[in-house]
Amino acid sequence: MGKIRLFNGLSFFKMYKKVALAIAFSPRMEALISETKRLVQLFGSDLILIHIGKKTDDLEVKLDEIITKTGLDKLKTKLIWKEGKPVKKIIEACKEENADLLVAGALKREGFLTYYMGSVGRKIIRKAPCSVLTLIEPNIGSTAFEKIVINGTQLEITRHVIEVGINFSKQLNAEQVHILNEIKMYGLQMGTASEDSEEEASQTRRQLVQNEMQYVEEILKNIDQGNLKLNIKVTGGRWSVELARFCEKIDADLLVVGDDYKLNFFDRIFPHDLEDLLSTLPCNLLIVKN
Amino acid sequence: METLDHKEVINLLLQLASILILARVFAEIARKFKQPAVIGEIFAGIILGPTILGNFFPGAHEYLFSSHEMTNIAFDGFVQISVVLLLFIAGLEVELHIVWSQGKKALYIAVASMILPIIAGFVVAYAFPEFLGVNINDRIVASTFFGLAISITGLAIVARILMDLNLFKTSSGLLIIAGAMIVDVLGWLIFSVILSLSESGSEGLGVWPTIGLTLLFTLVMLTVGKGLINKVLPWINKKMAWPGGLLSLSLAVCFLAASFTEFIGIHAIFGAFIIGVALGDSEYLTEKAKEILHQFINNIFAPIFFVSIGLKVNFITGFDPGIVGVVIIVGLVTKYYGAYFGGRLAGVSRKESIVAGFGMSTRGSMDIVLGLIALENGLVTEPLFIGLVILAIIASMSAGPLIGWARNLKI
């Protein structure tokens, strides 16, 4: 991550040096570009616009108009036109350009990336070499990321996810950040604890909650939280489901989750947690990769 | 419809009361010694059954368990329901997303920890059927059954041990839990196939149709069945009394699935297990609901089943030190090394593989159910079944201290 110096003398590590945006000439394209422009300005990053499809004069003119209209910095914006299979080509472009973040539009409960439809969008998210930000309702006036939820479930990638989530929240001036952690197999653990006395079972219950709180607190110790308002919440049940429910309940603007899992054939038959979340898409989603 | 008469009702109620009271007393004693309740419950059965009560107070034993035939039939119904529910809860414990999250490592450990005991058990039983007490007329099936019975891991027991050792959420803990879940699923799949082999000559469907139906049933339940559950459960949770609606309907679905598998020629318990897996994997079955189902079944129906074992077998007259010794040695050694080598093959560290070896060796639930089915089907004799029960007790009692020791190893 590069370092940038802000005018007031504060310095931040640049979260993302190169942000890629997969575009299609859909009605939401302008909104997506506006949203990404704001992020690029906040992060001080370069922007790469990727379009998969035939490059025609008409489309070039149209894109140029939108770029001018949205006020993108042309010097810091690169256009890439590629022909071929969308997933493959977008991923190829991200790799060639060393993008750190890929932004893509997605339709809530309607497959993915309006343009690429269903499983293609999902493949992009899963196969992308960099983190992916999916925006479900991009708007020209830019979304306010006020309520951000971070997945704090104990996974190998969680420490990194929380760190990225906090930095992201700080840069976007989020009002409230919630970190959700799940007690794994709560039912089995408490069912087993029913062999104990009432007091011991309550103690086990308290301990289970306490352990999850401590796990997140331990990670937060080493992260500068700035002025963020942080809330740690512990749930029981599958984290993907609990996260989706919580995001819908509080009407969250962004959910930050990690992905260090390779997609395979069985995920189609027996979807795992992230797959579940992708099919629900409760709000905008930032998928952090290692 | 024939009903129980006045005396038979009293007898049945006394049977259930004595079983639940003694099971509770011994479960509490087991708890004092930091042992799983199931060990206490098995001991309670030994005391209530022909081994102790029948031997020292034959009159009392005769009145309680042999005086009314109709009562015993009714009691057998209770035991059957208990086994079905036990398998249902075993299915609920299997969480496929935990299994997927552990991936290859858990699969290697689970498969290797099954293959070695199954092969070793088969070879020993096939080579010495008369010594060990497996049915010589159904030698292949009986020997495989024995191998399978010593290859099972007690998921609920190992979960408890890992919780006590504060290892449940660690990578080793989740690896063992996921491994035990895979063993459960594979174990019951293999079980239904073997059972069909045994029945192929008689009224069963034959081997291939049974294998096909078993796999089809499993796949349909875990895809279409789960989809249906996901559609219906939110409605039940919202519109019906909670947890009343969920409890009665989930048990009803369990009995339906069990009767269906029994009807198509696979054992009833397989249906209960698979519906448990499908239901447990549904995102709409809350953890609170699972907790209630656990408490309800583990404290009422599980004791009835585990005590009933002691009622069926005389642990003194049927005890054969040679058989018990062989079962324990083959069972413990092969299960441990199977899991250990599986772990090493999958790239798990030596220490973690040792912990997994001891963890996977835990028994005391499904293995006993398997043994009992083998006994009731005439595949194994009483002394061999006793060997399996003693193996379960020793494996469960030793797993905790051994895991505790292994995690402190400086390797």
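The count begins at 1 with the first shown residue.
Each Cβ is built from the backbone N, Cα and C atoms, and glycine gets one as well.
Unlike curated records, TrEMBL annotations are generated automatically.
Among the features that TrEMBL reports, transmembrane segment is placed at B:12-30 (among others).
The domain 'Cation/H+ exchanger transmembrane' annotation in TrEMBL covers B:22-403.
Residues annotated as transmembrane segment in TrEMBL: B:77-94 (among others).
Marked as transmembrane segment by TrEMBL: B:106-128 (among others). Within the same chain, residues 99, 134, 139-140, 142-144, 146-151, 153, 175-176, 178-183, 186-187, 190, 326, 330-331, 334-335, 337-339, 341-343, 345-346, 348, 353, 356-357, 360 sit at least 6 positions outside the transmembrane segment (B:106-128) and bring their C-beta atoms closer than 8 Å to a C-beta of that stretch.
Proximity of distant same-chain residues to the transmembrane segment (B:140-162), defined by a Cβ-Cβ separation under 8 Å and at least 6 residues beyond the stretch ends, is recorded for 36, 38, 89-90, 93-94, 113-126, 129, 132, 134, 168, 173, 176-177, 179-181, 183-184, 187, 190-191, 194, 197-198, 298, 327, 330-331, 334-335, 338, 359-367, 370-371, 374, 379-380, 384, 388, 391-392, 395-396, 399-400, 403. The annotation transmembrane segment is assigned in TrEMBL to B:140-162 (among others).
The transmembrane segment annotation in TrEMBL covers B:174-195 (among others).
Residues annotated as transmembrane segment in TrEMBL: B:207-229 (among others).
Long-range Cβ contacts of the transmembrane segment (B:241-258) within its own chain (Cβ-Cβ under 8 Å, at least 6 residues beyond either end) map to 84-85, 88, 221, 233, 268-269, 271-272, 274-276, 279, 285, 288-289, 292-293, 296. Residues annotated as transmembrane segment in TrEMBL: B:241-258 (among others).
Residues annotated as transmembrane segment in TrEMBL: B:264-284 (among others). Counting residues 6+ beyond its ends, the transmembrane segment (B:264-284) has Cβ neighbours under 8 Å at 80, 83-85, 87-97, 184-185, 188, 191-192, 195-196, 199, 204-205, 209-210, 213-214, 217-218, 221-222, 225-226, 229-230, 233-234, 237, 250, 253-258, 290, 369, 373 in the same chain.
Per TrEMBL, the feature transmembrane segment maps to B:296-316 (among others). Counting residues 6+ beyond its ends, the transmembrane segment (B:296-316) has Cβ neighbours under 8 Å at 16, 19-20, 22-24, 27, 37-38, 41-51, 54-55, 65, 75, 78-79, 81-83, 85-86, 88-89, 156, 247, 368-369, 372, 375, 382, 385-386, 389 in the same chain.
Residues or ranges marked as transmembrane segment in TrEMBL: B:322-342 (among others). Distant neighbours of the transmembrane segment (B:322-342): 108-117, 120-121, 124, 131-133, 150-151, 153, 179, 353-354, 356-361, 363, 383-384, 386-388, 390-391, 394-395; these residues of the same chain sit at least 6 beyond its ends, with a Cβ under 8 Å from one of its Cβ atoms.
The transmembrane segment annotation in TrEMBL covers B:354-373 (among others). Under 8 Å from some Cβ of the transmembrane segment (B:354-373) lie the Cβ atoms of residues 36, 38-39, 42, 83, 86-87, 90, 109-110, 113, 145, 148-150, 152-158, 161-162, 167, 172, 175-176, 179-180, 183-184, 187-188, 191, 195, 267, 269, 305-306, 309, 312, 331-332, 335-340, 342-343, 348, 380, 384-385, 388-389, 391-393, 395-396, 398-399, 402-403, 406-407, 409, all in the same chain and six or more residues away from its ends.
Within the chain, the transmembrane segment (B:385-406) has long-range Cβ neighbours (under 8 A, six or more residues past its boundaries) at 34-36, 38-39, 42, 149-150, 154, 157-158, 161-162, 164-165, 167, 309, 313, 315, 318-320, 323-324, 326-328, 331-332, 335, 351, 354-355, 357-359, 361-364, 367-368, 371-372, 374-375. According to TrEMBL, the feature transmembrane segment maps to B:385-406 (among others).
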